[in-house]
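Chemist: According to TrEMBL, the Zn(2+) binding site annotation covers CYS43, CYS46, CYS80, CYS83. The annotation coiled coil is assigned in TrEMBL to 107-154, 178-205. Summarising the annotation, TrEMBL assigns region 'Disordered' to 206-323. Under the heading compositional bias 'Basic and acidic residues', TrEMBL lists 236-246.
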Amino acid sequence: MSERKVLNKYYPPDFDPSKIPKLKLPKDRQYVVRLMAPFNMRCKTCGEYIYKGKKFNARKETVQNEVYLGLPIFRFYIKCTRCLAEITFKTDPENTDYTMEHGATRNFQAEKLLEEEEKRVQKEREDEELNNPMKVLENRTKDSKLEMEVLENLQELKDLNQRQAHVDFEAMLRQHRLSEEERRRQQQEEDEQETAALLEKARKRRLLEDSDSEDEAAPSPLQPALRPNPTAILDEAPKPKRKVEVWEQSVGSLGSRPPLSRLVVVKKAKADPDCSNGQPQAAPTPGGLQNRKEANPTPLTPGTSSLSQLGAYLDSDDSNGSN
């Protein structure tokens, strides 16, 4: 079984490479390549801007009868992204750049103009020095003076770097931190002072409002309350205690309503015979009322019970016995 990846090819003994037919291709054959726009350009047909770095599928060919120091020059064909118009440009090995040929215009580029201007000035200077030796001496003097200025500036920069190299950054940071703390403390004190001033102002305004309201109300002065004499109770004569009878302990006093009074039903007074006959009763005269009071000096109260009447009877007996 033969090897899959062959490194050495077999050449028979009668191999003649001159007998291999050669493929004849045209010299201006075009190849399809993938490239990016080498510069900013604008289409002449539709005015579309094509920026540097935009990718295209271009056709490449070798320019006939154009060679720079043995290097061939290539031409590229691309199409506008908007109107599909054909745009061509070719290489420029002399300036290591590209040259626009057809279909678009190259946009303004300051770098390229600056380089061209420097090249022009350098060429003019060389032409002047070629025929004028005094001009050569003058240019050398200017160059030496310019070089001395450059060296002085460089020395100043070196000294500045050396001074900065000895700077203590920790001390700088510490000082900055202290200054920040001082500034923060001052700001806090100012805020406290302002707050205290506002509070004082509000307090004064509240006091003024309270004084105005008091002036408007103007209440009468309060009289001082009379304080009782703490020794007044000693000056009073002691009251004799009333003897509590035995029946009062079981029944109760006369003035109080006994708890069994509700069980006693009071009889209703009989109607007057004069009123029952339908004749109106005459209005009582003051004399008649007085005679009735004298006849019955101790009227019975309607709410008194039999037990209370019994107590009254016992009190009268005690009073008679004492007399």
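Cβ atoms here come from the backbone N, Cα and C positions, even for glycine.
These figures come from a predicted structure and were not determined experimentally.
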Chemist: How many neighbouring Cβ atoms, not counting its own, are there within 10 Å of the Cβ of CYS46 (Zn(2+) binding site)?
Modeler: 12
Chemist: Average pLDDT across the coiled coil (178-205)?
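Modeler: The average pLDDT of the model in the coiled coil (178-205) works out to 91.
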Chemist: What number of additional C-beta atoms lies within 10 angstroms of the C-beta atom of CYS43 (Zn(2+) binding site)?
Modeler: 20
Chemist: Just name the winner among CYS80, CYS83 (the binding-site residues) by count of other CB atoms within 10 A of its CB.
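Modeler: The residue with the densest Cβ neighbourhood is CYS80.
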Chemist: Excluding CYS43, CYS46, CYS80, CYS83, please set out which residues of the same chain place their CB within 8 Å of the center of the CB atoms of the Zn(2+) site, keeping sequence order.
Modeler: LYS44, THR45, GLY47, GLU48, THR81, ARG82, LEU84, ALA85
